[in-house]
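I have placed the structure first, in the form of structure tokens, so that the comments after it can refer back to it.
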Amino acid sequence: MKSGYVALVGRPNVGKSTLLNHLLGQKLSIVSRRPQTTRHRILGIKTDGRGQVIYVDTPGIHGGARRAMNRYLNRTAISSLLGVDVILWLVDRAGWLPDDELVMARIKEAKLPVILVINKVDRIEGKDTLLPFLAEANATGLFSEIVPISALKGINLAVLEERVLALLPEGEPIYPEDQISDRPERFFVAEIIREKLFNRLTQEVPHALTVQIEQYRESPTLVRIHAVIWVEREGQKAIVIGKGGEVLKRVGEASRRELERMLERRVYLELWTKVKHGWSDNERALQGLGYAE
Ligand SMILES: Nc1nc2c(ncn2[C@@H]2O[C@H](COP(=O)(O)OP(=O)(O)OP(=O)(O)O)[C@@H](O)[C@H]2O)c(=O)[nH]1
């Protein structure tokens, strides 16, 4: 049996969370079209007859991190490289962007086996783009394997899993066989609400909001959840609420539907929007809102 930790790293928006969800066959990490959706280190544990792979989803590593939140995202991603056995480095196009260079520097420091995962091949037009890129990546000598995939369409994921298992050490499972994450249910509740907000709101508002669960009471048939959506300014609060409360109502409905499926119980969800000025650029406020390593 194999067992070990596998970090999913890469710049924002390359598809790390999409890959985690597809490998596990279950939605654990929220996904949106926006960069910097993932804000936490999340374990996704997959146990089968071959062993136990503990995937570590991480925030996207990016440059120009001026706000405290951006620095926290980079710190969280980089510290996730400590103590893993294998790194999956995701890129999503045939070529490097400046943020990919940042990731590469960190990976070189880690001195671990690295699989270069070229994601979104469903979007790459023709072999003319992919083949030179594969040759160039190969010539760096940095990678144990190079695997083109589509996380969204499920292309080549079985091959990727085999390559991962081959690089992991032999060992007994670290977590119980039926455990799929290290996070409690209320963490996923906050994340699902945040995902619905990310998908509905535009411009800077998603990055200025965070969701905090203030009350979580369960009975065998019902879960009562009281969540606060923190934003940074009054104008953002008005946008989150929407005309006549329309946006908040839609977000609440979509969240409740998904939460009822996940929790397999009826959900009573109350959402409040409040302003905490400058929370995303304040280290202490971040810690109070759950952004602590
Ligand atoms: N066409 C295509 N789109 C994909 C694929 N994988 C992911 N995406 C899309 O890329 C976007 C970003 O995906 P995420 O999984 O949130 O990316 P991430 O790397 O976790 O992003 P951060 O949270 O910014 O670190 C979403 O709109 C996904 O649907 C793929 O294989 N093909």
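Each Cβ is built from the backbone N, Cα and C atoms, and glycine gets one as well.
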| request: Can you dig out which of the ranges 57-60, 125-128, 169-172, 217-220 TrEMBL describes as region 'G3'? | output: 57-60
| task | Look up region 'G1' in TrEMBL and report which of 10-17, 178-185 it refers to. | result | 10-17
| request: Tell me which range among 19-22, 31-34, 119-122 TrEMBL lists as region 'G4'. | output: 119-122
| query | With the ranges 36-40, 46-50 to choose from, which does TrEMBL describe as region 'G2'? | reply | 36-40
| task | Mind checking which residues of the chain, 6+ beyond the ends of the region 'G1' (10-17), have their Cβ under 8 Å from one of its Cβ atoms? | result | 29-31, 33-38, 57-62, 89-92, 97, 99-100, 102-103, 119-120, 151-152
| Among the binding-site residues ASN13, THR58, which residue has its Cβ surrounded by the fewest other Cβ atoms within 10 Å? | ASN13
| task | Run through the Cβ atoms and count how many others sit within 10 Å of the one on VAL121 (GTP binding site). | result | 19
| query | What are the DSSP helix/strand/coil residue counts across the region 'G2' (36-40)? | reply | 0 helix, 0 strand, 5 coil
